[in-house]
Amino acid sequence: MGKYFGTDGVRGVANQELTPELAFKIGRFGGYVLTKDTDRPKVIIGRDTRISGHMLEGALVAGLLSTGAEVMRLGVISTPGVAYLTKALDAQAGVMISASHNPVQDNGIKFFGSDGFKLTDEQEAEIEALLDKEVDELPRPTGTNLGQVSDYFEGGQKYLQYIKQTVEEDFSGLHIALDCAHGATSSLAPYLFADLEADISTMGTSPNGMNINDGVGSTHPEVLAELVKEKGADIGLAFDGDGDRLIAVDEKGNIVDGDQIMFICAKYMKETGQLKHNTVVSTVMSNLGFYKALEANGITSDKTAVGDRYVMEEMKRGGYNLGGEQSGHIILLDYITTGDGMLSALQLVNIMKMTKKPLSELAGEMTKFPQLLVNVRVTDKKLALENEKIKEIIRVVEEEMNGDGRILVRPSGTEPLIRVMAEAPTQEVCDAYVHRIVEVVKAEVGAE
(Lines of atoms letter the chains of each structure in order from A and count residues from 1; the text may use other names and numbers.)
(Lines give C-alpha, C1' and ligand atoms only; values in the text may rest on other atoms or scores of the structure.)
Protein backbone atom coordinates (compact mmCIF):
# COMPACT_ATOMS: atom_id res chain seq x y z
CA MET A 1 0.00 0.00 0.00
CA GLY A 2 1.16 3.51 -0.73
CA LYS A 3 0.91 6.85 1.00
CA TYR A 4 -2.53 7.64 -0.45
CA PHE A 5 -3.89 4.36 -1.81
CA GLY A 6 -5.01 1.67 0.64
CA THR A 7 -6.35 -1.77 -0.24
CA ASP A 8 -9.44 -0.18 -1.80
CA GLY A 9 -8.44 3.19 -3.25
CA VAL A 10 -8.02 6.48 -1.37
CA ARG A 11 -10.08 6.75 1.83
CA GLY A 12 -10.50 9.31 4.60
CA VAL A 13 -12.83 11.61 6.48
CA ALA A 14 -14.48 13.73 3.78
CA ASN A 15 -13.45 17.42 3.80
CA GLN A 16 -10.71 16.79 6.39
CA GLU A 17 -8.49 14.01 5.05
CA LEU A 18 -10.15 13.51 1.69
CA THR A 19 -10.57 17.17 0.77
CA PRO A 20 -11.91 18.68 -2.48
CA GLU A 21 -8.37 19.94 -3.13
CA LEU A 22 -7.00 16.39 -2.92
CA ALA A 23 -9.91 15.04 -5.00
CA PHE A 24 -9.10 17.59 -7.73
CA LYS A 25 -5.48 16.39 -7.81
CA ILE A 26 -6.52 12.72 -7.79
CA GLY A 27 -8.83 13.43 -10.72
CA ARG A 28 -6.15 15.35 -12.59
CA PHE A 29 -3.23 12.99 -11.97
CA GLY A 30 -5.27 9.78 -12.01
CA GLY A 31 -6.95 10.84 -15.21
CA TYR A 32 -3.59 11.65 -16.78
CA VAL A 33 -1.97 8.31 -15.83
CA LEU A 34 -4.92 6.27 -17.12
CA THR A 35 -5.62 8.22 -20.31
CA LYS A 36 -2.27 9.70 -21.42
CA ASP A 37 -2.06 7.44 -24.48
CA THR A 38 -5.54 8.37 -25.74
CA ASP A 39 -6.80 11.37 -27.67
CA ARG A 40 -10.05 12.75 -26.13
CA PRO A 41 -10.31 9.99 -23.49
CA LYS A 42 -13.62 9.14 -21.81
CA VAL A 43 -13.88 8.69 -18.02
CA ILE A 44 -17.07 7.66 -16.19
CA ILE A 45 -17.88 8.57 -12.56
CA GLY A 46 -20.33 7.02 -10.12
CA ARG A 47 -21.01 7.67 -6.44
CA ASP A 48 -22.92 6.28 -3.50
CA THR A 49 -25.46 8.26 -1.44
CA ARG A 50 -23.13 10.04 1.03
CA ILE A 51 -23.66 13.76 1.57
CA SER A 52 -20.01 14.38 0.61
CA GLY A 53 -20.41 12.63 -2.75
CA HIS A 54 -21.47 15.75 -4.67
CA MET A 55 -18.57 17.79 -3.28
CA LEU A 56 -15.95 15.20 -4.18
CA GLU A 57 -17.56 14.48 -7.55
CA GLY A 58 -17.37 18.16 -8.49
CA ALA A 59 -13.69 18.34 -7.59
CA LEU A 60 -12.85 15.08 -9.37
CA VAL A 61 -14.71 16.16 -12.50
CA ALA A 62 -12.80 19.47 -12.54
CA GLY A 63 -9.48 17.63 -12.25
CA LEU A 64 -10.36 15.25 -15.06
CA LEU A 65 -11.65 18.00 -17.36
CA SER A 66 -8.40 19.92 -16.83
CA THR A 67 -6.49 17.07 -18.52
CA GLY A 68 -8.77 17.17 -21.57
CA ALA A 69 -10.79 14.08 -20.62
CA GLU A 70 -14.49 13.78 -21.48
CA VAL A 71 -16.39 12.96 -18.27
CA MET A 72 -19.64 11.03 -18.06
CA ARG A 73 -21.50 11.18 -14.72
CA LEU A 74 -23.54 8.10 -13.83
CA GLY A 75 -25.07 9.50 -10.64
CA VAL A 76 -25.80 7.08 -7.78
CA ILE A 77 -24.74 3.57 -8.81
CA SER A 78 -22.99 0.56 -7.28
CA THR A 79 -19.23 0.02 -7.49
CA PRO A 80 -19.62 -3.08 -9.71
CA GLY A 81 -21.94 -1.03 -11.91
CA VAL A 82 -19.06 1.38 -12.55
CA ALA A 83 -16.64 -1.51 -13.18
CA TYR A 84 -19.00 -3.08 -15.73
CA LEU A 85 -19.86 0.19 -17.49
CA THR A 86 -16.21 1.27 -17.78
CA LYS A 87 -15.63 -1.64 -20.14
CA ALA A 88 -19.13 -1.72 -21.68
CA LEU A 89 -19.02 1.98 -22.63
CA ASP A 90 -15.42 1.77 -23.93
CA ALA A 91 -14.21 4.29 -21.35
CA GLN A 92 -10.50 4.64 -20.64
CA ALA A 93 -11.18 4.76 -16.90
CA GLY A 94 -13.96 4.56 -14.33
CA VAL A 95 -14.10 6.23 -10.92
CA MET A 96 -16.27 5.34 -7.92
CA ILE A 97 -16.77 7.75 -5.02
CA SER A 98 -17.59 5.66 -1.96
CA ALA A 99 -16.24 4.40 1.35
CA SER A 100 -18.18 1.14 1.00
CA HIS A 101 -19.38 -0.10 4.41
CA ASN A 102 -17.70 2.74 6.37
CA PRO A 103 -19.75 5.38 8.25
CA VAL A 104 -21.12 8.49 6.52
CA GLN A 105 -18.29 10.86 7.50
CA ASP A 106 -15.81 8.78 5.47
CA ASN A 107 -15.57 8.72 1.71
CA GLY A 108 -13.20 7.29 -0.85
CA ILE A 109 -12.12 7.33 -4.47
CA LYS A 110 -11.27 4.22 -6.44
CA PHE A 111 -10.32 3.87 -10.08
CA PHE A 112 -10.96 1.17 -12.64
CA GLY A 113 -8.88 0.72 -15.78
CA SER A 114 -10.39 0.34 -19.26
CA ASP A 115 -10.69 -3.42 -18.67
CA GLY A 116 -12.95 -2.87 -15.63
CA PHE A 117 -10.34 -4.07 -13.13
CA LYS A 118 -8.98 -2.07 -10.20
CA LEU A 119 -5.60 -0.42 -10.72
CA THR A 120 -2.30 -2.25 -10.45
CA ASP A 121 0.23 -1.31 -7.76
CA GLU A 122 2.36 0.23 -10.51
CA GLN A 123 -0.44 2.51 -11.71
CA GLU A 124 -1.20 3.62 -8.15
CA ALA A 125 2.50 4.32 -7.55
CA GLU A 126 2.62 6.48 -10.69
CA ILE A 127 -0.38 8.54 -9.48
CA GLU A 128 1.16 8.87 -6.00
CA ALA A 129 4.45 10.11 -7.46
CA LEU A 130 2.57 12.91 -9.25
CA LEU A 131 0.60 13.75 -6.08
CA ASP A 132 3.87 14.16 -4.17
CA LYS A 133 5.52 16.47 -6.69
CA GLU A 134 5.82 20.07 -5.50
CA VAL A 135 5.06 21.46 -8.96
CA ASP A 136 2.29 20.28 -11.30
CA GLU A 137 4.03 19.93 -14.66
CA LEU A 138 1.25 18.15 -16.54
CA PRO A 139 -0.04 19.65 -19.81
CA ARG A 140 -2.86 22.19 -19.46
CA PRO A 141 -5.07 22.12 -22.57
CA THR A 142 -7.03 25.26 -23.44
CA GLY A 143 -10.00 26.25 -25.57
CA THR A 144 -11.62 23.39 -27.47
CA ASN A 145 -9.05 20.93 -26.08
CA LEU A 146 -10.59 21.07 -22.60
CA GLY A 147 -12.83 18.19 -21.58
CA GLN A 148 -16.62 18.36 -21.36
CA VAL A 149 -19.04 16.75 -18.90
CA SER A 150 -22.25 14.87 -19.67
CA ASP A 151 -24.73 12.74 -17.70
CA TYR A 152 -25.64 9.10 -18.36
CA PHE A 153 -28.09 8.24 -15.62
CA GLU A 154 -29.39 5.30 -17.69
CA GLY A 155 -26.15 3.47 -16.87
CA GLY A 156 -27.67 1.78 -13.84
CA GLN A 157 -30.41 0.21 -15.97
CA LYS A 158 -27.88 -0.97 -18.57
CA TYR A 159 -25.93 -2.70 -15.80
CA LEU A 160 -29.09 -4.31 -14.31
CA GLN A 161 -30.13 -5.69 -17.69
CA TYR A 162 -26.66 -7.24 -18.02
CA ILE A 163 -26.63 -9.02 -14.65
CA LYS A 164 -30.29 -10.06 -14.98
CA GLN A 165 -29.49 -12.27 -17.95
CA THR A 166 -27.03 -14.34 -15.86
CA VAL A 167 -29.89 -16.30 -14.23
CA GLU A 168 -31.80 -19.13 -15.85
CA GLU A 169 -35.39 -18.32 -14.88
CA ASP A 170 -37.47 -15.76 -13.02
CA PHE A 171 -38.01 -15.71 -9.26
CA SER A 172 -41.81 -15.94 -9.22
CA GLY A 173 -43.12 -17.71 -6.13
CA LEU A 174 -40.30 -16.43 -3.92
CA HIS A 175 -40.58 -13.74 -1.26
CA ILE A 176 -37.29 -11.83 -1.00
CA ALA A 177 -36.45 -9.29 1.72
CA LEU A 178 -33.89 -6.63 0.73
CA ASP A 179 -31.72 -4.34 2.86
CA CYS A 180 -29.96 -1.75 0.71
CA ALA A 181 -28.10 0.08 3.53
CA HIS A 182 -29.59 3.42 2.35
CA GLY A 183 -26.81 3.18 -0.22
CA ALA A 184 -26.07 2.72 -3.90
CA THR A 185 -28.44 -0.24 -4.41
CA SER A 186 -31.47 1.55 -2.86
CA SER A 187 -33.28 2.04 -6.16
CA LEU A 188 -31.47 -0.66 -8.16
CA ALA A 189 -32.03 -3.85 -6.13
CA PRO A 190 -35.80 -3.47 -5.57
CA TYR A 191 -36.27 -2.84 -9.31
CA LEU A 192 -34.09 -5.84 -10.24
CA PHE A 193 -35.86 -8.40 -8.05
CA ALA A 194 -39.34 -7.06 -8.79
CA ASP A 195 -38.49 -7.24 -12.50
CA LEU A 196 -37.70 -10.94 -11.95
CA GLU A 197 -41.23 -11.33 -10.53
CA ALA A 198 -40.27 -11.96 -6.91
CA ASP A 199 -42.45 -10.65 -4.09
CA ILE A 200 -40.23 -8.16 -2.24
CA SER A 201 -40.08 -6.50 1.16
CA THR A 202 -37.54 -3.71 1.58
CA MET A 203 -35.62 -1.76 4.20
CA GLY A 204 -32.67 0.61 3.98
CA THR A 205 -34.03 2.11 0.75
CA SER A 206 -34.53 5.75 1.84
CA PRO A 207 -31.13 7.45 1.53
CA ASN A 208 -30.94 11.05 2.76
CA GLY A 209 -27.19 11.59 2.48
CA MET A 210 -26.62 10.97 6.18
CA ASN A 211 -27.99 7.48 6.88
CA ILE A 212 -25.84 5.21 4.70
CA ASN A 213 -24.81 2.03 6.61
CA ASP A 214 -26.36 3.45 9.80
CA GLY A 215 -27.61 0.35 11.62
CA VAL A 216 -28.52 -1.29 8.31
CA GLY A 217 -26.90 -3.21 5.47
CA SER A 218 -24.41 -6.07 5.29
CA THR A 219 -22.68 -5.06 8.54
CA HIS A 220 -25.99 -5.27 10.46
CA PRO A 221 -27.76 -8.34 9.01
CA GLU A 222 -29.53 -9.05 12.30
CA VAL A 223 -31.96 -6.21 11.45
CA LEU A 224 -32.84 -7.85 8.13
CA ALA A 225 -33.24 -11.18 9.95
CA GLU A 226 -36.13 -9.66 11.92
CA LEU A 227 -37.78 -8.49 8.68
CA VAL A 228 -37.39 -11.96 7.13
CA LYS A 229 -39.12 -13.57 10.11
CA GLU A 230 -41.82 -10.89 10.28
CA LYS A 231 -42.70 -11.17 6.58
CA GLY A 232 -42.14 -14.93 6.24
CA ALA A 233 -39.64 -14.32 3.45
CA ASP A 234 -37.75 -17.14 1.73
CA ILE A 235 -34.46 -15.24 1.85
CA GLY A 236 -33.02 -11.92 2.97
CA LEU A 237 -30.31 -10.09 1.00
CA ALA A 238 -28.25 -7.35 2.67
CA PHE A 239 -25.93 -5.11 0.64
CA ASP A 240 -23.37 -2.56 1.81
CA GLY A 241 -23.19 1.14 0.95
CA ASP A 242 -21.62 0.72 -2.49
CA GLY A 243 -23.19 -2.62 -3.38
CA ASP A 244 -20.06 -4.76 -3.70
CA ARG A 245 -20.93 -7.02 -0.73
CA LEU A 246 -23.71 -9.45 0.06
CA ILE A 247 -24.68 -11.05 3.36
CA ALA A 248 -27.78 -13.25 3.26
CA VAL A 249 -30.38 -14.42 5.78
CA ASP A 250 -32.13 -17.79 5.48
CA GLU A 251 -35.87 -18.35 5.87
CA LYS A 252 -35.42 -19.10 9.59
CA GLY A 253 -33.61 -15.81 10.26
CA ASN A 254 -30.08 -17.27 10.40
CA ILE A 255 -27.29 -15.14 8.95
CA VAL A 256 -25.46 -16.63 5.94
CA ASP A 257 -22.06 -15.00 5.48
CA GLY A 258 -19.65 -14.72 2.56
CA ASP A 259 -17.94 -18.04 3.31
CA GLN A 260 -21.27 -19.87 3.22
CA ILE A 261 -22.36 -18.07 0.04
CA MET A 262 -19.03 -18.94 -1.62
CA PHE A 263 -19.41 -22.59 -0.58
CA ILE A 264 -22.98 -22.78 -1.94
CA CYS A 265 -21.86 -21.24 -5.25
CA ALA A 266 -18.75 -23.46 -5.46
CA LYS A 267 -20.71 -26.68 -4.87
CA TYR A 268 -23.36 -25.77 -7.44
CA MET A 269 -20.79 -24.57 -9.98
CA LYS A 270 -18.83 -27.81 -9.57
CA GLU A 271 -21.97 -29.92 -10.01
CA THR A 272 -22.90 -28.01 -13.19
CA GLY A 273 -19.37 -28.05 -14.64
CA GLN A 274 -18.81 -24.30 -14.27
CA LEU A 275 -16.09 -24.15 -11.57
CA LYS A 276 -12.78 -23.52 -13.31
CA HIS A 277 -9.88 -25.69 -12.11
CA ASN A 278 -12.25 -26.96 -9.38
CA THR A 279 -10.89 -24.17 -7.16
CA VAL A 280 -12.20 -21.31 -5.01
CA VAL A 281 -9.98 -18.36 -3.99
CA SER A 282 -10.54 -17.05 -0.46
CA THR A 283 -8.62 -15.07 2.17
CA VAL A 284 -6.96 -16.04 5.43
CA MET A 285 -10.10 -14.77 7.24
CA SER A 286 -12.30 -17.56 5.87
CA ASN A 287 -13.66 -19.96 8.49
CA LEU A 288 -12.06 -23.38 9.04
CA GLY A 289 -15.48 -24.88 8.43
CA PHE A 290 -15.44 -23.40 4.91
CA TYR A 291 -12.26 -25.30 4.03
CA LYS A 292 -13.55 -28.54 5.57
CA ALA A 293 -16.81 -28.28 3.57
CA LEU A 294 -14.90 -27.65 0.33
CA GLU A 295 -12.64 -30.62 1.03
CA ALA A 296 -15.63 -32.88 1.75
CA ASN A 297 -17.01 -31.95 -1.67
CA GLY A 298 -13.74 -32.46 -3.53
CA ILE A 299 -13.12 -28.74 -4.14
CA THR A 300 -9.70 -27.17 -3.65
CA SER A 301 -9.03 -23.72 -2.20
CA ASP A 302 -6.40 -21.06 -2.67
CA LYS A 303 -5.71 -18.54 0.14
CA THR A 304 -4.66 -14.89 -0.19
CA ALA A 305 -4.12 -11.89 2.06
CA VAL A 306 -7.26 -10.00 3.12
CA GLY A 307 -8.71 -7.65 0.50
CA ASP A 308 -10.73 -8.37 -2.61
CA ARG A 309 -7.93 -6.95 -4.77
CA TYR A 310 -5.63 -9.81 -3.62
CA VAL A 311 -8.37 -12.36 -4.27
CA MET A 312 -8.79 -10.90 -7.75
CA GLU A 313 -5.04 -10.96 -8.46
CA GLU A 314 -4.89 -14.65 -7.56
CA MET A 315 -8.00 -15.42 -9.63
CA LYS A 316 -6.45 -13.76 -12.68
CA ARG A 317 -3.12 -15.49 -12.09
CA GLY A 318 -4.63 -18.96 -11.79
CA GLY A 319 -7.49 -18.62 -14.26
CA TYR A 320 -10.12 -19.14 -11.54
CA ASN A 321 -13.70 -17.85 -11.76
CA LEU A 322 -14.96 -17.89 -8.14
CA GLY A 323 -13.47 -16.15 -5.13
CA GLY A 324 -14.30 -13.87 -2.26
CA GLU A 325 -14.26 -12.97 1.39
CA GLN A 326 -16.21 -13.84 4.51
CA SER A 327 -17.32 -10.18 4.64
CA GLY A 328 -19.45 -10.77 1.54
CA HIS A 329 -17.26 -9.69 -1.37
CA ILE A 330 -18.04 -12.46 -3.86
CA ILE A 331 -16.25 -12.31 -7.22
CA LEU A 332 -17.85 -14.15 -10.14
CA LEU A 333 -15.22 -13.48 -12.77
CA ASP A 334 -17.18 -15.04 -15.63
CA TYR A 335 -19.50 -12.04 -15.42
CA ILE A 336 -17.85 -9.05 -13.74
CA THR A 337 -14.43 -7.76 -12.67
CA THR A 338 -15.05 -6.96 -9.00
CA GLY A 339 -17.09 -8.11 -6.00
CA ASP A 340 -20.79 -7.63 -6.77
CA GLY A 341 -23.54 -7.90 -4.16
CA MET A 342 -26.50 -7.90 -6.54
CA LEU A 343 -24.91 -10.37 -8.97
CA SER A 344 -24.04 -12.69 -6.06
CA ALA A 345 -27.61 -12.36 -4.79
CA LEU A 346 -28.98 -13.34 -8.20
CA GLN A 347 -26.76 -16.43 -8.30
CA LEU A 348 -27.71 -17.45 -4.76
CA VAL A 349 -31.46 -17.16 -5.41
CA ASN A 350 -30.99 -18.93 -8.75
CA ILE A 351 -29.32 -21.87 -6.97
CA MET A 352 -32.29 -22.07 -4.58
CA LYS A 353 -34.63 -22.18 -7.58
CA MET A 354 -32.62 -24.73 -9.57
CA THR A 355 -31.97 -27.10 -6.63
CA LYS A 356 -35.43 -26.57 -5.09
CA LYS A 357 -33.74 -26.31 -1.69
CA PRO A 358 -34.29 -23.63 0.98
CA LEU A 359 -31.28 -21.50 1.90
CA SER A 360 -31.08 -23.08 5.37
CA GLU A 361 -30.47 -26.49 3.78
CA LEU A 362 -27.90 -25.18 1.29
CA ALA A 363 -25.98 -23.27 4.00
CA GLY A 364 -26.34 -26.15 6.47
CA GLU A 365 -23.96 -28.28 4.41
CA MET A 366 -21.14 -26.16 5.86
CA THR A 367 -20.54 -26.24 9.63
CA LYS A 368 -18.84 -23.08 10.88
CA PHE A 369 -16.24 -23.17 13.63
CA PRO A 370 -17.06 -20.68 16.43
CA GLN A 371 -15.23 -17.47 15.54
CA LEU A 372 -14.70 -14.08 17.16
CA LEU A 373 -13.26 -10.98 15.53
CA VAL A 374 -12.46 -7.91 17.64
CA ASN A 375 -11.22 -4.61 16.17
CA VAL A 376 -8.81 -2.62 18.34
CA ARG A 377 -8.22 1.05 17.48
CA VAL A 378 -4.47 1.68 17.66
CA THR A 379 -2.03 4.58 17.41
CA ASP A 380 0.22 2.82 14.88
CA LYS A 381 -0.60 -0.39 12.98
CA LYS A 382 3.04 -1.05 12.06
CA LEU A 383 4.27 -0.70 15.65
CA ALA A 384 1.58 -3.11 16.84
CA LEU A 385 2.82 -5.91 14.60
CA GLU A 386 6.43 -5.35 15.68
CA ASN A 387 5.65 -5.18 19.42
CA GLU A 388 7.41 -7.99 21.33
CA LYS A 389 4.72 -8.40 24.01
CA ILE A 390 2.01 -8.74 21.34
CA LYS A 391 4.11 -11.27 19.44
CA GLU A 392 4.68 -13.23 22.65
CA ILE A 393 0.98 -13.49 23.63
CA ILE A 394 0.14 -14.67 20.09
CA ARG A 395 2.84 -17.36 20.34
CA VAL A 396 1.58 -18.50 23.78
CA VAL A 397 -2.04 -18.74 22.61
CA GLU A 398 -1.07 -20.65 19.45
CA GLU A 399 0.86 -23.15 21.57
CA GLU A 400 -2.16 -23.66 23.83
CA MET A 401 -4.39 -24.24 20.79
CA ASN A 402 -2.14 -27.09 19.69
CA GLY A 403 -3.55 -27.03 16.16
CA ASP A 404 -7.18 -27.22 17.28
CA GLY A 405 -8.23 -23.80 15.95
CA ARG A 406 -6.31 -20.75 14.83
CA ILE A 407 -5.41 -17.13 15.63
CA LEU A 408 -5.06 -14.31 13.13
CA VAL A 409 -3.84 -10.81 14.07
CA ARG A 410 -3.63 -8.33 11.21
CA PRO A 411 -3.97 -4.61 10.43
CA SER A 412 -7.01 -3.21 8.64
CA GLY A 413 -6.23 -2.09 5.10
CA THR A 414 -8.44 1.00 5.35
CA GLU A 415 -8.64 2.08 9.04
CA PRO A 416 -6.28 2.53 12.07
CA LEU A 417 -7.33 -0.85 13.48
CA ILE A 418 -5.74 -4.14 14.43
CA ARG A 419 -8.08 -7.06 13.85
CA VAL A 420 -7.80 -9.97 16.30
CA MET A 421 -9.57 -13.13 15.17
CA ALA A 422 -9.75 -16.64 16.61
CA GLU A 423 -11.50 -19.88 15.74
CA ALA A 424 -11.82 -22.74 18.21
CA PRO A 425 -14.00 -25.80 18.91
CA THR A 426 -16.24 -23.83 21.33
CA GLN A 427 -17.29 -20.18 21.53
CA GLU A 428 -16.13 -19.97 25.15
CA VAL A 429 -12.58 -21.02 24.30
CA CYS A 430 -12.56 -18.78 21.22
CA ASP A 431 -13.66 -15.71 23.21
CA ALA A 432 -11.06 -16.31 25.90
CA TYR A 433 -8.20 -16.52 23.38
CA VAL A 434 -9.24 -13.31 21.61
CA HIS A 435 -9.71 -11.26 24.77
CA ARG A 436 -6.28 -12.25 26.11
CA ILE A 437 -4.65 -10.91 22.95
CA VAL A 438 -6.89 -7.83 22.76
CA GLU A 439 -5.93 -6.79 26.31
CA VAL A 440 -2.22 -6.85 25.41
CA VAL A 441 -2.78 -4.94 22.14
CA LYS A 442 -4.78 -2.26 24.00
CA ALA A 443 -2.17 -1.96 26.75
CA GLU A 444 0.73 -1.65 24.30
CA VAL A 445 -0.61 0.43 21.37
CA GLY A 446 -4.29 1.18 22.05
CA ALA A 447 -5.57 4.57 20.88
CA GLU A 448 -8.37 4.88 23.46
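Heads up, the Cβ atoms here are built off N, Cα and C, so glycines get one too.
Matching S66, S100, S412 to the Mg(2+) binding residues that Swiss-Prot gives (D240, D242, D244) identifies S100. Contacts of D242 (Mg(2+) binding site) defined by a Cβ separation under 8 A and a same-chain sequence distance of 6+ are given as D48, S78, T79, M96, S98, A99, S100, G183, A184, in order along the sequence. Neighbouring residues of the recorded Mg(2+) site, listed in sequence order and excluding S100, D240, D242, D244, comprise D48, S78, T79, S98, H101, G183, A184, F239, G241, G243, R245, G339, G341 (Cβ within 8 Å of the Cβ centroid).
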